[in-house]
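Colleague: Summarising the annotation, TrEMBL assigns domain 'Plant heme peroxidase family profile' to 1-165. For PRO36, the entry in TrEMBL reads substrate binding site. Taken from TrEMBL, the feature heme b binding site applies to HIS66. Taken from TrEMBL, the feature Ca(2+) binding site covers THR67, ASP122, ASP130. Here TrEMBL flags CYS73-CYS109 as disulfide bond.
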Amino acid sequence: MSRDAVVLAKGPTWPVALGRRDGRVSSATEASHELPPASGDVPLLARIFASKGLDLKDLVVLSGAHTLGTAHCPSYADRLYNATGEDGAYGLVDQSLDSEYADKLRLKCKSLDDRSMLSEMDPGSYKTFDSSYYGHVAKRRGLFRSDAALLYPTESRYKHRLYAT
């Protein structure tokens, strides 16, 4: 249950009615169709969230779930090896990513398809439910392109700052 996982990670608790079932079966295929892509920009993510009856505030808040867990290289390696520069050069680091952080990630993630290494989605507190994720994103140290995207449209940037403090 989500609530129990959050509590174990030192996060808040909330009441859940006894007998409630969110589902009895987990499906990787269904999850991959339902979860927004890690490479999504805010317009795409906002459309996906709107299709579920959610708004930009929900997008920023739920992105905070990246405070917990790790990710394999293929989910973020495009930011390390596939960016295109202003001069058309290919294979560069995404300029929206802090260069020092990118260097650390490149030490772990040697190629686009390296599945052997994991990176913390919220470095230093990936097992703790806290707001440090938002601070990392503000410093351009969000692991996914979708994290970095939160800083660009004015409204999502404003909401991001509210949660970072």
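Note that Cβ sites are derived from N, Cα and C of the backbone, with glycine treated the same way.
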Colleague: Nearest to CYS73 (disulfide bond) by Cα, among PRO36, HIS66, THR67, ASP130 (binding-site residues)?
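Modeller: Going through PRO36, HIS66, THR67, ASP130 one by one, the closest to CYS73 (disulfide bond) is HIS66.
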Colleague: What other residues of the same chain, not counting THR67, ASP122, ASP130, have a CB atom within 8 A of the CB centroid of the Ca(2+) site?
Modeller: GLY64, HIS66, LEU68, SER125, TYR126, THR128, PHE129, SER131, SER132, TYR133
Colleague: Which residues, sitting 6 or more apart from THR67 (Ca(2+) binding site) on the same chain, put a CB under 8 Å from its CB?
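Modeller: Set apart from THR67 (Ca(2+) binding site) by at least 6 residues yet with Cβ under 8 Å, we have MET121, ASP122, SER125, TYR126, THR128, PHE129, ASP130, SER131, SER132, TYR133.
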Colleague: So for ASP130 (Ca(2+) binding site), how many other CB atoms are inside 10 Å of its CB?
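Modeller: If we count other Cβ atoms within 10 Å of ASP130 (Ca(2+) binding site), we arrive at 16.
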Colleague: Just to confirm: which same-chain residues, 6+ apart in sequence, have a Cβ under 8 Å from the Cβ of HIS66 (heme b binding site)?
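Modeller: When sequence neighbours closer than 6 are ignored, HIS66 (heme b binding site) has MET121, ASP122, TYR133, GLY142, LEU143, PHE144, ASP147 within Cβ distance under 8 Å.
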Colleague: With the cut-off set at 10 Å between Cβ atoms, which of these disulfide-bonded residues ends up with the most neighbours? Options: CYS73, CYS109.
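Modeller: Ranked by Cβ atoms within 10 Å, first place goes to CYS109.
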Colleague: Express the predicted model's confidence over the domain 'Plant heme peroxidase family profile' (1-165) as a mean pLDDT, rounded to an integer.
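Modeller: When the pLDDT values over the domain 'Plant heme peroxidase family profile' (1-165) are averaged, the result is 84.
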Colleague: Taking just the CA atoms, what is the gap between PRO36 (substrate binding site) and CYS109 (disulfide bond) in Å?
Modeller: 23
